[in-house]
Amino acid sequence: MQRWTLDLNRPDWRNALEASAVCSAITNGELVAVPTETVYGLTADATNGEACAKIFAAKGRPQFNPLISHVASLADAQRHGEFDSPALDLAKAFWPGPLTLVVPKKKTSTISDLATAGLSTVALRVPEGPVMRFLSEKTGCPLAAPSANRSGKISPTRADDVIADLEPCLSFIIDAGPCSIGIESTIVGLTDGTPRLLRPGGTTREDLQGVLGSSLQGAPTNVQPDAPEAPGMLLSHYAPNAKMSLNACEAVPSDALLSFGPDRVPGADQAYAEFNLSPRGDFAEAAANLFRGMRTLDASGTNTIRVQFIPSFGLGEAINDRLQRAAAPR
Ligand code: AMP
Ligand code: MG
């Protein structure tokens, strides 16, 4: 594996990347770890079934769980999916950005059936992170990219997280520093005439509803771990080795504490270890720190991570979703 450190503040980063062997690795069906604004993605040519199979194998991901394809523009996305008027409104308002749209897959789409888990729908995103867009544009490929971690484990927001989990599977990792948003994209389903929030994430429900002019419904089916209708909604996910205990009212010396905001729970100073997601109580800062905080406390050797209450509006909805899945029975 080759590590490529990229300074996105330098105006010539595109030339450097284009001159590298990263693009040809992708078109040859190899796996590359790519930073986005949400998390690092384990990336492959979405039109190449064998390359997508490598993603599932590397992650240990069940094949019923489809992959998001990343493209450079709305026009590129429309080659693969049918956009009705709410889908177009959302794409225009939030792309590039942390929003994935699940839409009917076009018969002419070249995205492999493995990437879409054989469904008649396709998940598409134009990321804000410029590296993924650049690679899609240069290779001419939609890029399948789930988070670059073993399935069910904590998502990676820094290159070292990826290397710890997946180094042997990668041809390249592009290291552009920590991800700015730090939690995965919001997923909205637009396949049955009703926009549905399939997963909260980096674009808030409130912002989406502002554009749609109506409230977002939830997923259409009851959540079953192996039901393809809601393929990504696995109850246990983002899990550290330590047990997670939510909405802690107090800290104890035997347990680590994942805290939030300026208010201290009783006993906080005696906790086994502490990581404050945002001492000033800012959701965006807390989201960006969430997975690093979970990894840090997990590495402290504690058996249990207690989590202070975090309100569930704005980005707090996605933060609580990740925490609840991390705390779910495994
Ligand atoms: P991940 O790559 O782990 O962030 O997860 C991507 C998620 O996107 C999956 O787990 C699904 O929940 C969702 N997804 C992708 N494709 C589809 C699809 N065609 N229909 C419904 N959900 C999808
Ligand atoms: Mg993931």
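The backbone N, Cα and C atoms fix where each Cβ goes, and this holds for glycine too.
As recorded in TrEMBL, the features of this protein are as follows:
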- 16-203: domain 'YrdC-like' (DOMAIN)
- THR38, HIS70, ARG125, ALA145, SER185: L-threonine binding site (BINDING)
- ARG61, ASN65, THR121, SER147, SER155, ARG199, TYR238: ATP binding site (BINDING)
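Residues distinguished by a CB atom under 6 angstroms from ligand 1 are absent from the binding-site residues THR38, ARG61, ARG125, ALA145, SER185, TYR238. For the binding-site residues listed here (ASN65, SER147, SER155), the lowest count of other CB atoms within 10 A around the CB belongs to ASN65. In this structure, SER147, SER155 are the binding-site residues from HIS70, ARG125, SER147, SER155, ARG199 whose C-beta falls under 6 Å of some atom of ligand 2. Taking the Cβ of THR38 (L-threonine binding site) as reference, residues of its chain lying under 8 Å away and at least six apart in sequence are, in sequence order, PRO98, PRO127, GLY129, CYS179, ILE181, GLY182, ILE183, GLU184, SER185, GLY201, GLY202. Per-site Cβ counts within 10 Å over the binding-site residues THR121, SER185 peak at SER185.
Across the domain 'YrdC-like' (16-203), mean pLDDT in this model comes to 97.
HIS70 (L-threonine binding site) sits 12 Å from SER147 (ATP binding site), taking the Cα positions as reference.
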